[in-house]
Amino acid sequence: MTCGFSRADRSPYHGPVTSTVARDVSGVRTYQVRTYGCQMNVHDSERLAGLLEAAGYRRAAEGAEVADVVVFNTCAVRENADNKLYGNLSHLAPRKRSNPQMQIAVGGCLAQKDREAVLRRAPWVDVVFGTHNIGSLPTLLERARHNKAAQVEIAEALQQFPSSLPSARESAYAAWVSISVGCNNSCTFCIVPSLRGKEVDRSPDDILAEVRSLVADGVLEVTLLGQNVNAYGVSFADPALPRDRGAFARLLRACGEIDGLERVRFTSPHPAEFTDDVIEAMAQTPNVCPALHMPLQSGSDRVLRAMRRSYRAERYLGIIDRVRAAMPHAAITTDLIVGFPGETEEDFAATLDVVRRARFAAAFTFQYSKRPGTPAAELDGQIPKAVVQERYERLVELQESISLQGNQALVGQTVELLVATGEGRKDSATARMSGRARDGRLVHFAADDRVRPGDLVTTVITGAAPHHLIADAGILSHRRTRAGDAHAPAGARAASVSACPPSGRRRPGPTRWMCLMNDDRNHDDPRLGALRTEIEAAERRVAGGIDPGARGFVVSILVFVLLGSFILPHTGDVRGWDVLFGTHDAGAAAVALPSRVFGWLALVFGVGFSTLALVTRRWALAWIALAGTAIAGAAGMLAIWSRQTVPAGHPGPGWGLIVAWITVLVLIYQWARVVWSRTIVQLAAEEQRRRVAAQQQSTTLLDDLPKPEDPAAGT
């Protein structure tokens, strides 16, 4: 499962970002949820948070290092997920010793798999629960506190659908909706079916009722979740519902009839069960997004057979062809495993060939991770790490070039974005905001004070990179939404609002700039457009190099040097070049050799280094031009004055000194501009950080939202 095209998406296990505090000021016990792994775990974590809040706990304040209750929702797909869990548990051990009232709970797939090992490796853990009984968490915490003993409860079968539990959603504008739990496939690399169980499907009525409820709360986008969504309908939990192979296509069409639902996504389908009725439903239902994430895993039929993936490369490519025929602009992404046991160079070459033919918008690539308990762990031909790494790097290089070409083709196109929060890791530094296009691509656009996460904007793509797009041309349209209102509640920024002077022609200084940007009442102030332009120019200046304005001043240095040295007449028929070259009797008599040497130095430094500064855009060369011209020009003047041979009114090589002083003034001006620019950029970054903090709705700690699940955790 996946959404999003960032570079980090290739390796989703980055460790959770920790959020902080212990006891709430009111005395209510606080909690913190740290999530590892796939979207299914993210969905479950929202339910865990909802259960704790329903039981009277309060989410820990943003920035807190720990809380009264810390819950780890774990992943068992890759070995590094194990390592990160136990590393974080070890980090909490001293806190647990110093605060015995603190409780630690471990749930999810790893807890389901290693129920005894968790307490053996981390005996300070209070609760261990599995994937099938997340609704038991509040009871288990209370029981552990009362009995002063660890509680381990692992159910072997699903007790209730997580979607029926209370939820504390991470987003006001987007929501996960689980349509099934478990998986009926038996991929040899995957441990998930043994941990999540056989597939069980929710009834369409239950799913649609949840979607309508979410839309009534202001949600604009839902993602339908399942380990294999296009197997939906084969194993309904309600025995009264007949087996229905076409149920998923009908579910998509039914979502299209819900008023107010702007976008529908789903993840993940299995190629073996992908049918044309789903393609037709995607193409014919306006709010179903033109995006498809369909795991390939390998382009080699031999490896696919060893993986027990019941399709072959040509079938997979045929599905892609039919999707693109129905939706030419669909973004298709995939999962790929490198280094599966027995993979030969020929097998890997077949994968590269399929990647070239498929032209994926993005591919989430993973190095095979040997997991005990899976059939693949017992296969012969385990690939050396160095070989896997080398193949992985080649695959990533190929896919990045394809992704870049695909994104570059979008430059100049108009896109609709659902403005997101937390998507752009550098938004605060670049004074940008981020959003997702309908095809799932991540777009960073110029920040606008009126736009909130959850709003919809249209803009034009101006730049491209392999994992994101840039839209710096400004916003064409902006639609405020109830989800945006939820992210910017009334009065949330009252403390930062101050009275600003009325609009005028005066350019604001830093303090006035902050006043303008902080005050929501000024969103129509025409000064803001000019200020945003100033910020962009400031960023370029601070980043280094000589900007277009500075280049004009350096050109003026060249003009003055040339005028002073060659063109302007001095006295009578003696001109500048006569002074420098000594070609005229008057020039030779007027200026001795040392003066001419210094005059030449002034010319070389003024013209030569100023020209180099223009070509290379290096400020250091401009400073050399300044220093050399000033020294040479001043020395030439002193040489002339000391000999007292200069004709009356003849400035001679003193033009070098004049040019030097002009250069001094120009560079002082440029230095002041850079100082101003740094101030503006710093203020912009501070303001953006303040906005992000104000918009953050919760502090549940998610490892990688939105990040792809490892292919072994999906289909």
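Each residue, glycine too, has its Cβ placed from N, Cα and C.
Residues or ranges marked as region '(Dimethylallyl)adenosine tRNA methylthiotransferase MiaB' by Swiss-Prot: 1-516.
What Swiss-Prot lists as [4Fe-4S] cluster 1 binding site is Cys38, Cys75, Cys109. Counting every protein chain shown, the number of other Cβ atoms lying within 10 Å of the Cβ of Cys38 ([4Fe-4S] cluster 1 binding site) is 29.
In this model, the domain 'Radical SAM core' (169-405) carries an average pLDDT of 94. According to Swiss-Prot, the feature domain 'Radical SAM core' maps to 169-405, an assignment based on sequence analysis.
Summarising the annotation, Swiss-Prot assigns domain 'TRAM' to 408-475.
Swiss-Prot lists 517-715 with the feature region 'Unknown'.
Positions annotated as transmembrane segment by Swiss-Prot, on the basis of sequence analysis: 552-572 (among others).
Feature annotation from Swiss-Prot assigns transmembrane segment to 589-609 (among others).
What Swiss-Prot lists as transmembrane segment is 621-641 (among others), and the listing cites sequence analysis.
According to Swiss-Prot, the feature transmembrane segment maps to 652-672 (among others).
Counted with DSSP, the domain 'TRAM' (408-475) comes out as 5 helix, 31 strand, 32 coil. Over all protein chains present, the Cβ of Cys109 ([4Fe-4S] cluster 1 binding site) has 27 other Cβ atoms lying within 10 Å. Secondary structure from DSSP puts Cys109 ([4Fe-4S] cluster 1 binding site) in a helix. Around the Cβ of Cys75 ([4Fe-4S] cluster 1 binding site), a 10 Å sphere holds 28 further Cβ atoms from the protein chains shown.
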